[in-house]
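A.B. asks: For reference, the structure I am asking about is given below.
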Amino acid sequence: METSLQAQQALVNHQLRYAKKGLYLGIISGAAWGLDGVLLTIAGYLAPFWIKGYSLATVIVACLASAAMHDLFAGGWVAIYNIVTGRWVEYARSLRTKPGKIILLGALFGGPIGMGSYLIALNLAGATYAISISAIYPAVGAILGVIFLKEKINFRVWVGIIACMAGAYVVSYTPPQGGLEDFPYFYLGIFFSFLPVVGWALEGVIATFGMDLIDSDVALGLREIFSGFTLLILVVPLAGLIVGAGLAGWDIFAGAFKAGVPMMWVAVAGLAGGLSYVAWYKSLNMTGVGRAMAFNVTYPLWSILFGIVFSKCGLYSYSITVQGVIGACIITFGTLLVVANPKELLKLRN
């Protein structure tokens with residue numbers, strides 16, 4: 001009897017350690033994504049991604065070129081991780097399956113629409129502003145669930161959705177310090193900040209069907225590489241032709257590699273982005289969707305911390321108003337209410 005109780009207690013302790021590790025990974029995923037956004041913003045202000053006198057059209061294709069480079073690097077880092085862990089052989093097999101093709105379909109929404117718009121928003125509106133608004137995707141997902149899936153949501157979630165909307169309004173009402181002189185396309189950037197919300201929400205819905213039968217790290221590797229090549233080969237030149245910048249995006253992409261430093265910033269950002277996704281998927285499995293997402297969506301607050309740190313180091317000029325900080329906090333709080341009951345977040349004994 002005593003041996004049985006000891007075995008049960010050992011199992012409970014093991015499960016608690018497993019869940020706590022999931023919480024830590026959730027925190028890492030949020031911190032890494034906040035860092036990713038700040039690093040991409042720094043890279044976006046370096047030549048050839050940005051040169052004084054660039055037209056708006058050139059800025060847009062430069063951001064898309066940066067998005068392509070980011071996802072290719074992220075895919076490369078994840079591929080290295082998968083090689084080390086022995087999952088590399090699953091790439092080709094997964095591509096031949098229906099779930100693998102579903103993952104690629106989701107990547108079209110998460111990459112060209114999600115990441116492409118996200119990079120444009122980072123450049124035009126500033127890091128924390130774009131990052132904060134992009135964090136409301138769980139609230140949008142809840143609303144889409146009501147409309148299309150006839151799901152019912154409770155009072156707590158409605159309060160969270162309203163808080164997200166209020167926070168988005170607070171964040172977007174006033175530009176960063178320096179105003180429209182330093183951020184002439186701030187409100188256009190705010191518009192682009194909402195597009196990743198839709199793109200990532202749709203990707204999540206689609207990819208869920210695929211990842212039921214494919215290892216999450218393999219799915220992530222396929223997603224990032226496919227997104228990067230789609231952005232580079234199709235989206236960058238097509239966007240350039242549409243906005244009147246021609247094939248400038250390819251020149252900027254090649255120029256970033258030639259310049260070296262901008263490419264290295266994007267490479268490190270890709271590493272942070274890949275780490276965020278890997279930690280996020282593992283956290284989902286180890287501690288549950290609600291807790292994992294609750295810690296992941298703290299990335300707007302992490303972006304403020306990293307922005308201040310890099311600014312103090314003289315690496316770039318970080319600018320945010322008190323109103324922007326308040327808005328980011330409101331959005332984070334609202335998103336927490338949408339994804340989980342705050343009282344239950346740290347209750348691991350259940």
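Each position is counted from 1, following the chain as shown.
Glycine is treated like the rest: Cβ placed from N, Cα and C.
These figures come from a predicted structure and were not determined experimentally.
The domain 'EamA' annotation in TrEMBL covers 21-172, 188-339. Residues or ranges marked as transmembrane segment in TrEMBL: 23-47, 53-81, 102-121, 127-148, 155-173, 185-214, 226-250, 262-280, 292-310, 316-340.
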A.B. asks: Under 8 angstroms for C-beta pairs, at least 3 of them, ignoring pairs fewer than 6 apart in sequence. Is the transmembrane segment (102-121) in contact with the transmembrane segment (292-310) by that rule?
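C.D. replies: Counting Cβ pairs under 8 Å (6 or more apart in sequence), the transmembrane segment (102-121) does not reach the transmembrane segment (292-310), since there are fewer than 3.
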A.B. asks: Short question: which residues 6 or more past the ends of the transmembrane segment (226-250) have a Cβ under 8 Å from it?
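C.D. replies: Counting only partners 6 or more residues beyond its ends, the transmembrane segment (226-250) has Cβ contacts under 8 Å with 55-58, 60-62, 64-65, 67-75, 104, 107-108, 110-112, 115-116.
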A.B. asks: Looking only at the domain 'EamA' (188-339), what is the mean pLDDT?
C.D. replies: 90
A.B. asks: If contact means at least 3 Cβ pairs within less than 8 Å, sequence distance 6 or more, would you call the transmembrane segment (316-340) and the transmembrane segment (155-173) in contact?
C.D. replies: yes
A.B. asks: Give me the stretch from 23-47, 127-148, 155-173, 262-280, 292-310 with the greatest number of Cβ pairs under 8 Å to the transmembrane segment (185-214).
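C.D. replies: The stretch I would name here is 127-148.
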A.B. asks: Which one of these stretches, 23-47, 155-173, 262-280, has the most C-beta pairs shorter than 8 Å to the transmembrane segment (292-310)?
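C.D. replies: The stretch with the most contacts is 23-47.
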